[in-house]
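Encoded as structure tokens, the structure appears first; notes follow it.
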């Protein structure tokens with residue numbers, strides 16, 4: 001997992017899907033950008049909290065997990081497109097047999113990982129099927 | 001001055017284990033346990049859920065119901081006996097996750113199963129004194145029962161958040177008064193660093209639960225000059241179904257008054273969330289003007305009694321977030337092996 005300061009700096013976006021939006025062209029950014037890639041110096045960026053709903057664009061089912069995630073296999077890792085536009089990679093909680101592309105999902109608050117039994121616990125956003 | 005519940009939110013993990021499944025592992029009689037405890041299944045947290053994630057989910061539902069600006073919240077208090085950190089407040093995580101930080105105070109509470117109602121009382125004090133505009137009080141737990149211990153049949157997971165305020169137009173349920181009864185009674189404890197609590201077996205009953213709940217409830221009824229028949233609903237801490245049913249009868253409440261808030265048969269004892277879960281389930285169906293009497297109990301031991309009157313506002317906010325009955329429908333049943341993995345009772349080498 002990330003170092004403690006590195007994780008701490010991203011708490012806003014990890015907990016609450018805080019990103020940014022350019023008021024000039026209307027594009028949303030997650031993770032947050034402080035510079036609009038479309039409007040460049042005429043862009044006007046401001047904070048934006050995403051609604052937390054979207055759909056699965058693609059997914060994979062992890063059977064052989066990285067260290068720290070072994071107890072969760074098989075689990076779903078998906079590219080999710082938020083309703084506002086940005087795409088992100090996140091775990092989707094649910095039965096891999098019931099998952100499908102274009103499935104609607106919503107954000108929930110879960111443990112993302114931890115640094116062993118004595119280290120920091122990393123909390124943040126995962127997704128579940130929208131009507132669960 | 002009027003103080004009350006501006007909003008509330010509950011959360012129950014989706015996994016369940018049935019009493020039969022636990023009983024077959026330990027060679028116990030499931031039918032005798034079910035009829036004795038009046039508990040048929042209990043909630044189990046997912047592998048990535050703990051008291052903090054449950055508190056956040058409950059608090060977020062309370063925020064959705066209220067529609068208030070989270071920056072108005074001046075205090076976040078989370079009661080639990082399973083805080084994920086020994087040092088590092090759960091309440092800071094919750095406050096950040098609901099957008100209430102940074103101009104507010106936060107702390108964690110612990111008083112066995114009544115830490116959530118202790119947090120409600122603290123918020124009532126801060127709100128009524130004018131120190132804060134709104135206070136968020138939460139009771140959340142992923143409670144532990146040692147393998148083979150009687151607690152394993154009931155120790156469950158869940159949480160409830162109550163947003164406390166004094167703006168009359170915002171209050172969904174007025175808390176008319178509260179009364180507590182506390183003694184040093186070692187009926188149940190967990191020492192620092194120990195994974196499972198220990199308890200006094202039958203000693204938890206009469207000297208613990210019944211003495212404190214009865215005295216707390218009687219104390220508030222006498223203070224207010226009210227009688228059981230003055231209330232439409234009653235909620236008691238529900239470590240199992242038998243205890244609240246028995247204490248309700250002894251105090252003069254009816255089965256009809258206790259039924260709507262008695263959620264323990266389906267989800268088990270959610271500890272710090274237990275009494276608040278009963279209150280939430282009752283608010284889910286109470287009508288404006290209805291009166292609710294509630295008494296929480298925490299081992300150690302103490303009780304917090306509340307007299308509540310529902311306002312017209314309840315109809316506006318109730319359906320903005322899932323009700324308790326919606327949260328507990330459609331469970332996923334798991335076997336003992338998977339339950340043991342979810343609860344960390346077995347670990348990968």
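In case you wondered, yes, glycine gets a Cβ from its N, Cα and C as well.
Remember, TrEMBL labels are computer predictions, not curated facts.
What TrEMBL records for this protein:
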type     : residues                                              : note
ACT_SITE : B:81                                                  : active site, proton donor/acceptor
ACT_SITE : B:113                                                 : active site, acyl-thioester intermediate
ACT_SITE : B:237                                                 : active site, proton donor/acceptor
BINDING  : B:30, B:113, B:154, B:204, B:237, B:246, B:269, B:299 : (3S)-3-hydroxy-3-methylglutaryl-CoA binding site
BINDING  : B:202, B:242                                          : CoA binding site
DOMAIN   : B:221-303                                             : domain 'Beta-ketoacyl-[acyl-carrier-protein] synthase III C-terminal'
B:202, B:237, B:242, B:246 as recorded positions, winner by CB count within 10 A: B:237
For the binding-site residues B:154, B:269, B:299, the one whose C-beta sees the most other C-beta atoms within 10 angstroms: B:269
Nearest of the recorded positions (B:81, B:113, B:202) to residue B:299 ((3S)-3-hydroxy-3-methylglutaryl-CoA binding site), judged by Cα-Cα distance: B:113
Using Cα positions only, nearest of the recorded positions to residue B:30 ((3S)-3-hydroxy-3-methylglutaryl-CoA binding site) (B:81, B:202, B:237, B:242): B:242
Cβ-based isolation winner (fewest other Cβ atoms within 10 Å) among the recorded positions B:30, B:81, B:204: B:30
Recorded positions (B:30, B:113, B:202, B:204, B:269) in Cβ proximity to chain A, threshold under 8 Å: none
Cα-Cα distance maximum in Å, computed over every pair in B:30, B:113, B:154, B:204, B:237, B:246, B:269, B:299 that the record assigns to (3S)-3-hydroxy-3-methylglutaryl-CoA: 26
Conformational class of residue B:81 (active site, proton donor/acceptor) under the three-state DSSP mapping: coil
